[in-house]
Amino acid sequence: MVVAMVAASMASGFRTKAMAELCCYLTVALCAFLVPSFAKLTTIEHPVKPNRSLSFLVVGDWGRKGFYNQSEVAFQMGRIGEKLKIDFVISTGDNFYDNGLTSVYDPAFRDSFTNIYTAKGLQKPWYSVLGNHDYRGNVEAQLNPILRSVDKRWICMRSFVLKTELVDIFFVDTTPFVDKYFTDPEDHTYDWKGVEPRKNYLSSLIKDLKAEMRNSTALWKFAVGHHAIKSLGHHGDTAQLIKFLLPVLKDNNVDVYMNGHDHCLEHITSMNGAMQYLTSGGGSKAWRGDLKPDDDVNHSAKFLYDGQGFMSVEMNENEAMILFYDVEGLILHQWKISKQLRSAV
């Protein structure tokens, strides 16, 4: 009864703050889709299709109230999402520009999310991580389950595991890894509540990731973070992720790492391993025009597009097909990974 009253108050636009605060009771209701885990990371289970396949979209760096072609990208996502009968959407972070959400009452949530991604094909769960711009706002507001009573699709946590019968997807909170946000934040203010002391936070996160990945029996393992491990875009490689996160991914045979942060579409493959590095950060503002040269002898850039768009993944037990689309919905690049051969064709 209390949950129903709270949901009604939220749907009507937070008529009173007191009633909205009652939404903490929604946590009880939301526990229905959470699965207990021996590690500290929250685990969510998502079913596959009856034919044991899975399809989803990946988009990042999008929340600009429809501007900078966000609405146009959203339209094409809806078209492709319906065509592929997607199971969910992954957001690689920087969900709300320029400075995250101010509170659970911030109209930016509706203006940049609910009122933009309206297509039938996008009415699926959105599994989201935080980006550096999200950390410039009220982080707890964006993580608060209250927002699910505004839009039930929204599922955002710092780090968590999405489990399916085909693939385990490890969502990683990458912003706290990056030194410059702590040592040289420029004119920005970051919300580090829940992160500091930073050393303890990162140590615990790496420990939990290792445990979850080690215990995973999934056929496929994907990882998602906001920041790139390898990128030829404006921001480039993230040194702290190469040092601390990449060894964990390699040790546990992660197939794909997906990120945003660089406002482009990108596919880099490892020359001495099977991991694919995929950037999908073209959800709105793009076209920086300062791409880096492909001169890393250990990696090869298969595709790089300095513009807006998104990515789709279709997979089954044997293979995963990855496609990149531009703002007009045209296919720019596709890549098939064979699980049996651990190679791409």
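Positions of Cβ are set from backbone N, Cα and C atoms, glycine also.
Feature annotation from TrEMBL assigns domain 'Calcineurin-like phosphoesterase' to 55-264.
Under the heading Fe cation 1 binding site, TrEMBL lists D61, D94, Y97, H263. Annotation for Y97 (Fe cation 1 binding site): spatial neighbours G63, R64, S112, H133, S284, K285, criterion Cβ-Cβ under 8 Å with sequence separation of six or more.
The C-beta environment of D94 (Fe cation 1 binding site), restricted to residues of the same chain at least 6 apart in sequence and closer than 8 Å, consists of G60, D61, W62, G63, G131, N132, H133, D134, H226, G260, H261, G281. Per TrEMBL, Fe cation 2 binding site is recorded for D94, N132, H226, H261.
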Key: Residue among the binding-site residues D61, H263 whose Cβ has the most other Cβ atoms within 10 Å   = D61
Shell of the Fe cation 1 site beyond D61, D94, Y97, H263, same chain only (C-beta within 8 angstroms of their C-beta centre) = G60, W62, G63, R64, G131, H133, G260, H261, G281, G283, S284, K285
Query = Looking only at H226, H261, which of these binding-site residues has the biggest number of Cβ atoms within 10 Å around its Cβ?
reply = H226
Task = For the domain 'Calcineurin-like phosphoesterase' (55-264), would you mind checking the mean pLDDT of the predicted model?
result = 98
